[in-house]
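Enquirer: Pasting a structure below so you can have a look.
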Amino acid sequence: MLARYLNLIGRRSASPYRPQRLPAKFDNVIVAMSSGVDSSVAAALFAGEFPNTRGVYMQNWSESQSLDDPGKEPCYERDWRDVNRVAKHLNIRVDKVNFEQDYWIDVFEPMLRGYSEGSTPNPDIGCNKFVKFGKLREWLDEKYGTGNYWLVTGHYARVMQEMNGKGLFHLLRSIYRPKDQSYYLSQINSTVLSSLLLPIGHLTKPEVRDLAKYAGLPTAEKPDSQGICFVNNSQHGKFKNFLKHYLPSSPGDIITVDPQSGAKTTWGRHDGLWSYTIGQKVGISMPQADPNYQGTWFVSEKLRDTNEILIVRGRDNPALYSDTMRIENFSSLGPREDTINAFQNTGALTLQFRSLQVPVQIKSCKLNRSADNLDITIHLASKQRAITPGQSCCLYIDDRVLGSGPISHVNNNDTHA
């Protein structure tokens, strides 16, 4: 199995980097198993060659997984069952660890706080930073000893080492862009990289499926997960309905503003600024017989001071596009000075403010440094639709992740950023 994998990736060059080295024969190899085909294949790659391969399953949530259908089986129970089936097939031991409290405090509560303030946070980035590559590492350090194990996950990203210079380890995009998850890993601690193995990032999804079938894995045909499991299994998978159970209603007006007079017109009500995101289609009734109001309307701005949501007509309305953003508290994935030096050549830099987004070219950027923080004002080469405060913006130099941080301000006019 491992030889088959190495033969596949051996044909793929990534100069000036070399792939992460393999463990020694009797090293501890710990595979974070989620029950999906990707982590199952990751486990299979090592289980046959390294006798000290073990699995670990993280349970980070145990609230009712179907708030409108309490009789439905929680997703974590199904996942744990599938993990055990794979572990039995591979003849490896698997531990189950519970990080519900950590997830709630470090990921879920900050997410709720962000939504209540009208921003759009990304809990997956926080989960990777604080739980999967934070709390799990602490647990593994205590169990196996710091530096005495390798951590393997099924993420679509790559850990590569510089062939020259300092020999630093870096996080790179997956070779298979349709599944790339480097955006979600952009805030993990760089000290993790030297003992982190991401074998799936060197493969395409069809290759992963083929390897799963070759190994006879019970999860070979399991569909890919879509988003947050406890949201998909509740309230028909509608995130807005899910949030209603945790955020108080804070009704306000949905308005338009006349571009000439500045006069406001109210067209409906919202449950709270958290109930809509920038760029989202608004399903309210507009007078379609009037040419001025025909068409589809979208959220262009959340007005926190007045608790109003401003809408505009047309998916490509200019008001939905911005060319300037500010990132506060940028977190470098590597030495801080190394990241700062990379900003000297903005022509090589791109960014993503969504996962799987086509990389966005940067026109210029301005760094504001302090002892503790790195704030960046970025001017884009072209305007982008629905850049939203609270989103994480990840910066890249070629395919290498420099780091990321939350977007604090967005502006159409780059002179007022």
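Positions of Cβ are set from backbone N, Cα and C atoms, glycine also.
Feature list, courtesy of Swiss-Prot:
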- A32, M33, S34, S35, G36, V37, D38, S39, M58, G154: ATP binding site (BINDING)
- C127: active site, nucleophile (ACT_SITE)
- C127-C229: disulfide bond (DISULFID)
- H155: site 'Interaction with tRNA' (SITE)
- C229: active site, cysteine persulfide intermediate (ACT_SITE)
- K281: site 'Interaction with tRNA' (SITE)
- Q391: site 'Interaction with tRNA' (SITE)
Enquirer: Give the maximum pairwise CA distance in Å, whole number, for the residues A32, M33, S34, S35, G36, V37, D38, S39, M58, G154 listed as binding ATP.
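Expert: Result: 16 Å between the two most distant Cα atoms.
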Enquirer: Relative to the Cα of K281 (site 'Interaction with tRNA'), which of the recorded positions A32, S34, G36, C127 has the closest Cα?
Expert: C127
Enquirer: Report the nearest neighbour of the residue listed as 'active site, nucleophile' in space among the recorded positions G36, D38, Q391, comparing Cα positions.
Expert: Q391
Enquirer: Fewest other C-beta atoms within 10 angstroms of its own C-beta: which of the recorded positions S34, Q391 fits that?
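Expert: Comparing Cβ neighbour counts within 10 Å for the recorded positions S34, Q391 gives S34.
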Enquirer: Please name which of the recorded positions listed here, A32, S34, D38, M58, H155, is nearest in space to Q391 (site 'Interaction with tRNA'), Cα against Cα.
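Expert: Going through A32, S34, D38, M58, H155 one by one, the Cα closest to that of Q391 (site 'Interaction with tRNA') is H155.
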Enquirer: Tell me, in order along the sequence, which binding-site residues from G36, D38, M58 have their CA within 10 Å of H155 (site 'Interaction with tRNA').
Expert: D38
Enquirer: Output the one of A32, M58 that, of all these binding-site residues, has the highest number of other Cβ atoms within 10 Å of its Cβ.
Expert: M58
Enquirer: For G36 (ATP binding site), write down the residues of its own chain that are at least 6 apart in sequence and whose Cβ falls under 8 Å from its Cβ; none is a fine answer.
Expert: G154, T219, K222, D224, S225
